[in-house]
Amino acid sequence: MASLSLAPVNIFKAGADEERAETARLTSFIGAIAIGDLVKSTLGPKGMDKILLSSGRDASLMVTNDGATILKNIGVDNPAAKVLVDMSRVQDDEVGDGTTSVTVLAAELLREAESLIAKKIHPQTIIAGWREATKAAREALLSSAVDHGSDEVKFRQDLMNIAGTTLSSKLLTHHKDHFTKLAVEAVLRLKGSGNLEAIHIIKKLGGSLADSYLDEGFLLDKKIGVNQPKRIENAKILIANTGMDTDKIKIFGSRVRVDSTAKVAEIEHAEKEKMKEKVERILKHGINCFINRQLIYNYPEQLFGAAGVMAIEHADFAGVERLALVTGGEIASTFDHPELVKLGSCKLIEEVMIGEDKLIHFSGVALGEACTIVLRGATQQILDEAERSLHDALCVLAQTVKDSRTVYGGGCSEMLMAHAVTQLANRTPGKEAVAMESYAKALRMLPTIIADNAGYDSADLVAQLRAAHSEGNTTAGLDMREGTIGDMAILGITESFQVKRQVLLSAAEAAEVILRVDNIIKAAPRKRVPDHHPC
């Protein structure tokens, strides 16, 4: 009996698209590797910057070497590339640094996987080998971690080293010592809480980056109203988000017909009376400072001035939220029950000058650890990149305060993990050993890229570094100032254990997810249905 051959049947809707097996895998690999190649030139202390230009009505220019910022601002269509972009964003949210490293490591793992699949090694065999390699690498990283949490002097030095290492690959590298000190002082003021909301960063054009400073207290980028006190001691602050243009019902497009101008004056008088009534309800709280998220308008401002109350209007939402946190108050919107409203407090409110701008300074706030870092710089792009760099350093330091374990940087940790994985591969029979070797090779690519970006002979340096670790020199790493192999413990090139651990685990998981893909199915685009019932 002749066998029937079934013709392939398309089960998808018209317009849907499917990529299978090798085609799907190749699409994923190409997209992920392209993302890694895009950001790898920014890796390390001598990494390059990217200029990001956006078009359209809100056209802007951004100069950065922050991996998460670059990936966040580029549009990607490849699904595997989107996985790496999301992973980089999570790395930024979780620990604040290592966004470029995690993307490059995942891309290098997939580059190795591509060559293994070309040798007919099954993806599941590769994944099994990678999982064992990840376990060995994590154990090697854990065993190399140093904890100085119980020694205050050594721990502070660790924080200085970590901040210096983080900032060395950023725009702030030329003012590294200055900003390292600022970041460490700001984080130590938090007293272990790790609440970065208490650290406010203000950017002001003018001067140079070296003119940036840490201010103990809170700065609000607003001006005090006309004819109001410019300085208040022992302030009681009511923070509000309320409309001061009376509580009238606004009827848009309505008209009022009157037979004389006296009637118009009566309407204005009635509105003023409602405003006055609201101001009186606010004053019953026994305050001497009123800060509103919305506009206050001239007449209520006059009333506050006559009562000797400082009134600040149109404070931005983030500023109001942070001010409520640091002064210990709550944001109110109704004022009928003064006993239920929690007021903020501080020892002194005064107007200060920074450059050519006036700001309001709150000192002696209820949240003692609150502080403001004022950034100065020649252009807005420099200030924006300085803020991103400083934010990364603050995030890493906050993580280190929670988990005080540290590891060595300069490619030392990657080489240490690669050495442990290679030793495991030598003891493992079968094809899984080949997958482990590829994992170790991907780890060794990170110091290779760091050396390449600095313009040194990466093959020679990485070979020397590998030999040093094979001989048991577990603190050897790349000294990019001299272009040689150095002792990371002596040079003080230290990184947070949590950052390195997160880079390792996230990259391995993302690479595994992409490697498992054997089909990419794109849904049919939605068709616009014509409107048969026009208005």
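Cβ atoms here come from the backbone N, Cα and C positions, even for glycine.
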Have a look through GLY44, GLY56, GLY149, GLY430 and flag the one Swiss-Prot assigns to the ATP site that GLY98, THR99, THR100, GLU495, LYS500 belong to.
GLY44
Quickly, which of SER60, SER212, SER333, SER404 does Swiss-Prot have down as phosphoserine? Just give the residue.
SER60
Among LYS50, LYS248, LYS263, residue that the record in Swiss-Prot marks as SUMO2 cross-link:
LYS248
For the feature phosphothreonine in Swiss-Prot, which residue out of THR125, THR242, THR261, THR372 does the record point to?
THR261
On a simple 10 Å Cβ count over all chains shown, which one of the binding-site residues GLY44, GLY98 is most densely packed?
GLY98
By CA-CA distance, flag whichever of GLY44, THR100, SER101, LYS500 among the binding-site residues is nearest to SER260 (phosphoserine).
THR100
Counting only residues 6+ apart in the same chain, whose Cβ is under 8 Å from the Cβ of SER60 (phosphoserine)?
LEU53, SER54
Starting from the Cβ of THR99 (ADP binding site), draw a 10 Å sphere and report how many other Cβ atoms land inside it.
28
Neighbour count (Cβ, 10 Å) for THR100 (ATP binding site):
28
Three-class DSSP secondary structure - LYS500 (ATP binding site):
helix
Determine which residues of the same chain, besides GLY44, GLY98, THR99, THR100, GLU495, LYS500, have their CB within 8 A of the center of the CB atoms at the recorded ATP site, and list them by sequence.
LEU43, ASP97, SER101, VAL102, VAL499, VAL503
